[in-house]
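First comes the structure, then the notes that go with it.
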Amino acid sequence: MGSEDKANLLRVLINCAEKAANIARTCRVNEQLLSLLVQEKSEGEANERFEHDFKTLADVLIQETIKHEVGAVFPQMQDAILGEESPNFTNKLEESVTVAVGACEADTTACLEAVLSGHEGAASALAGEVHRVVNFESSTLCEIPELPEELDYANLGIWIDPIDATAEYISGDTMFTNFPGITSTGLDCVTVLIGVYERDTGIPVMGVVAQPFGNKLDEHVYSSSMFWGVCLPSLQAHNCHFEARDEHRQLAIFSSSEQSDILQRLLDLGYEFAFSAGAGHKALKVITREVELYLLSKGSTFKWDTCAPQAILRALGGDVFDFGASVSEQKPVALKYLMQNSESDWKRNATGIIAVRNIDAMEVLLAKLAEQ
């Protein structure tokens, strides 16, 4: 594409999400390849909630692919495309390699061969997916809206979580909750999260959430479920048209490590509970109206976990709020994405989150959470 005004950023992000899903599926379908790609995160990158956290080449490759794709079409955004993963990867020979998308498929293959220590077939397959032309279409995608001409791309940044629920991605073991359609663990919990925010206000304005394993077509064969939303001053649009659940039942979704006193307060309000993996997956259940509420009282999510689903929820009239600030101030305080390089922990949602589709539910909820 020759210029920014000829490209639709939302369409680019949807295609990036599908390309990410293709890479994730390519890695996951082959057990030998999957075992080659897994390595523990370094101490500085690990999420303290888990005894062992992992990163995969799929994570890093997806992140760098999205940066490359978006930066090529929207160069003004290049310096503000941020992700969870370090692009530095250590191969089986203990050699440090920086994963980068090359100008052509051969260059990317050469880089990946260095990471994979000579596994040429695997490197070639992954490079092929990176450079494949993707144009995602689905009956559930809905018409992609034209974005406002006045949209200032230089004021937009992106947070990427290339594979949310990495442990689920690696293990693949599925367990179901007591609620139809909601899994506790497994590939259904895996999401690709791409969120766009305004750099001057920190407000999320566009989000794409993909489930690479959303639709099982055959044994080890999957296609993506894709969700998007736009919430700009002059445009609100989404493809998340779902029927409400039984109005007489309130369902909330949590991490399995949620505090018992928090659960008791929600129980007192009449909520039933589901427990599931993946911050993106749990937020998605709010988007799809399968649950009314996702609450996490601990500071174990990050900007890359929440930016995309928050943008979609804002397009639906909901939002993602700061748990600690909202309870202490007794009013909803939305998460924001202002860059604060002076603070070492600025990427973390340090005092927890509350995701809702119906903001009116917050008043009663916050009052109950503040009770002594």
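Backbone N, Cα and C atoms are what each Cβ position is placed from, and that goes for glycine too.
Just so you know, TrEMBL annotations never went through curation; they're auto-generated.
Among the features that TrEMBL reports, Mg(2+) binding site is placed at E84, D161, I163, D164, D305. D164 (Mg(2+) binding site) is surrounded by 28 other CB atoms, counting those within 10 A of its CB over all protein chains shown.
The residues near the Mg(2+) site, meaning same-chain residues not in E84, D161, I163, D164, D305 whose C-beta sits within 8 angstroms of the mean position of the site's C-beta atoms, are D59, I160, P162, A165, T166, T191, V192, L193, A279, G280, F302, W304, in sequence order.
Each of the binding-site residues E84, D305 was scored by the number of other CB atoms within 10 A of its CB, and the lowest score belongs to E84. Cβ neighbour count for I163 (Mg(2+) binding site): 31 (other Cβ atoms within 10 Å of its Cβ, all protein chains included).
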